[in-house]
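Student: Right, I'll just put the structure down here and ask away after.
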Amino acid sequence: MTDLQQVVAHSFAALAASRTTFRAQLKAREIGIISSVSFGVAQVSGLANVASEEVLKFSGDIYGIAFNVDQDSIGVVLLGDYWQLQSGDEVERTGRVMDVAVGLGLLGRVIDPLGRPLDDKGPIESSERLPVERPAAPIMDRAPVTVPLQTGLKVIDALIPIGRGQRELILGDRQTGKTTIAIDTILNQHDQNVLCVYCAIGQRASAVAKTIAILKAKGALDYTLVMVSEGNAPPGFAYIAPYAATSIAEYFMEKGRDVLIVYDDLTQHARAYRELSLLLRRPPGREAFPGDIFYIHSRLLERATCLKQRHKGGSLTALPIIETEAQNISAYIPTNLISITDGQIYLSPTLFELGILPAVDVGRSVSRVGGKAQRPMYRAVAANLKLTYAQFEELETFARFGARLDQNSQDIITNGRRIRASLKQPQSSPMTVLEQITVLIALTEKLFDTVPLLKMREAEQALCLATTELPEDFLSRFNSAKILSDDDRNRIIDIARITLAPFQSPPDEDNGITSTPSN
C-alpha cells in the first residue's frame, strides 16, 4: 500500500469512528432587535427573559447594560461606539452581569472602565474577575477606624485627620486645587504600604495625561492603578467607572491590603447618570436628577470600610471629589455626599486667590472619625491649633475696620498669621510626620512669631532640613512612640530655636496688624 493510500485509509477510519461518537449539541441563544438608538442608549425588543443589569452583546463587539426592563422593551445603556448601531440590528443575551479584571497585574497600568488597557504596555495579565456592582461589607465584618492615613499635608494631618477606611469628601469650586490634594495624598503613600486607585470620571484627556505624568515622574505609578473615563466617551462609561474601580480596590482590600481610592469627580458621575436617566425617560426630580441619585452614591461609598482581622484586616479609604458652583455647598449633590461621607475638606476660592495653598477652609472642614485615628503626638501639639486659628480669623476681620486692639489680640493675630503661612505647602511636596510635628511644635511654642512673613517658607525649610540631622536613636524612638516624651519635645524645641534664630527680626518689622493677608 502506498503512502497516499495509507493516508486515505486512516482518514476514512477516523471519520467512521467520529460518526459513532458524535452527538449533536444545540445551544439556545436569545436574540433581540434594536428598536431605536440615541446618544449612549438603545431600546431593545424581543428579549423576554432578560434580567436587570444583565450585559447584552451588540454587533461590532459592543456591549450594553439592561437598565430599564419593561414588558415590551428594554432600555440599554451602551458601552461603546453607539453610532455604529442602527435599528434592526441583533442583540444577544450573555447571561452575566458586568465584571472587570482584578489582580496585582493592574498596578502601574492605565485602563478604561471595561478593563481594557489605554497605555502601551500590552494586554492586562489577570485571571480573576469581579462584578462591577458588589454589596458593601456587612456591619459585623467592619472594624473601627483606628489607623491614620498620612496625606503629607500639614493642614489635613494636623487639623482634619483622615483614617484608613474613612470616606472624606473633597469639595470646592473649579480650579481650587481639589485634584492636587488627592494626588499629593497618593504621592505620600510611597512608603506607607498603601495601594492606590485613581478613577478619572468624565475628565479632559489633557488633564488626565498631566496627572499620569506627575504620578510617573514621582514613582507613584508603581503602586497605583489609573482608570479613565474620558469626557468625550459615552455616558455609560462615566456611570460604571467608579463601581469598576471600587471592585478592583476591594480585591486588594480583601487580600488584607490597605487601599486608597480617589473619585475625580462624582459631579461628572451624577451628571452622566442624570443624562442616562433622562434619555431612558425615567421621571426627573430635583435639578432634573432621578429620584435614586442619593442611592447610587451611597451604595458606592458604603463599600469603603475597614475590615476586622478575621477578614484579613484590609481597608479601603475613599476620597470622593465634587465640584461646587459659586461656593454653594448646600446644593443637591454636595449635601447628599456630605451626609454620606465621614467628613469634608472644603477648598475656598478666596484663600486660593490669596495664594494660600492648599486653600483649605479649616472652619468649614471637618473629619468625623479621623480624629480617633490620629496619632496622639499630633493631638498633643495641635489640639488648640484649630481654635487659635479660628480666633485669629475672627480678630483679623475685626481689625480690618481699623479697631484698636489690646496686646493680647495683637499677639493672637501675629501668631495666627504665622500659622496661616505655615499651613501653605507647595504642590507635590509631602512632608514626613517628623517634619510636620517639628513645625507644629515651633508654631505652638510661638517660635515663628518673630520670623517675618516673607521668610516663613525659607525658615520652615531650614527647620525641616535640621530634622534630618537628628541621631538614629531619636528617630527610632520617635517612629515607635505614640506620645512624644518631654525630653524629646524639649530637644525639638531647642533645635527649632537654634535653626530659626538667623531668620528672626524685631516684632515691629511685621506687616502691620490691620494689613490684609500676605501671599
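Numbers run from 1 along the shown chain.
Glycine is no exception: its Cβ is also placed from the backbone N, Cα and C atoms.
According to Swiss-Prot, the protein has these features:
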BINDING   Gly172, Asp173, Arg174, Gln175, Thr176, Gly177, Lys178, Thr179  ATP binding site
SITE      Ser365  site 'Required for activity'
Student: For the recorded ATP site, whose residues are Gly172, Asp173, Arg174, Gln175, Thr176, Gly177, Lys178, Thr179, find every other residue on that chain with a C-beta no more than 8 angstroms from the centre of their C-beta atoms, and list them by sequence position.
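Tutor: Close Cβ neighbours, site residues excluded: Glu323, Leu347, Pro349, Phe352, Ala359.
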Student: Please work out which residue of Thr176, Thr179 has the most C-beta neighbours within 10 angstroms of its C-beta, and give that one of the binding-site residues.
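Tutor: Comparing the binding-site residues Thr176, Thr179, the most crowded Cβ belongs to Thr176.
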Student: Starting from the Cβ of Arg174 (ATP binding site), draw a 10 Å sphere and report how many other Cβ atoms land inside it.
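Tutor: Arg174 (ATP binding site) is surrounded by 11 other Cβ atoms within 10 Å.
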Student: Using C-alpha positions only, work out which of the binding-site residues Gly172, Asp173, Arg174, Gln175 is nearest to Ser365 (site 'Required for activity').
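Tutor: Checked the binding-site residues Gly172, Asp173, Arg174, Gln175; minimum Cα distance to Ser365 (site 'Required for activity') goes to Gly172.
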Student: Near Lys178 (ATP binding site), which residues of its chain come within a Cβ-Cβ distance under 8 Å, counting only those 6 or more away in sequence?
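Tutor: Those within reach of Lys178 (ATP binding site), by Cβ under 8 Å and sequence separation of 6 or more, are Ile170, Leu171, Gly172, Asp264, Asp265, Ile321, Glu323, Leu347.
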Student: Among the recorded positions listed here, Gln175, Ser365, whose Cβ has the fewest other Cβ atoms inside 10 Å?
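Tutor: Comparing Cβ neighbours within 10 Å for the recorded positions Gln175, Ser365, Gln175 has the fewest.
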Student: Among the binding-site residues listed here, Gly172, Gly177, whose Cβ has the fewest other Cβ atoms inside 10 Å?
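Tutor: Comparing Cβ neighbour counts within 10 Å for the binding-site residues Gly172, Gly177 gives Gly177.
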Student: What are the non-local neighbours of Asp173 (ATP binding site), defined as same-chain residues 6+ apart in sequence with CB under 8 A from its CB?
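Tutor: For Asp173 (ATP binding site), the qualifying residues are Glu323, Thr324, Glu325, Ala326, Gln327, Leu347, Pro349.
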Student: Tell me, by DSSP, whether Gly172 (ATP binding site) is helix, strand or coil?
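Tutor: In the DSSP reduction, Gly172 (ATP binding site) maps to strand.
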Student: Per DSSP, to which secondary structure element type does Ser365 (site 'Required for activity') belong, with helix, strand and coil as the options?
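Tutor: DSSP assigns Ser365 (site 'Required for activity') to coil.
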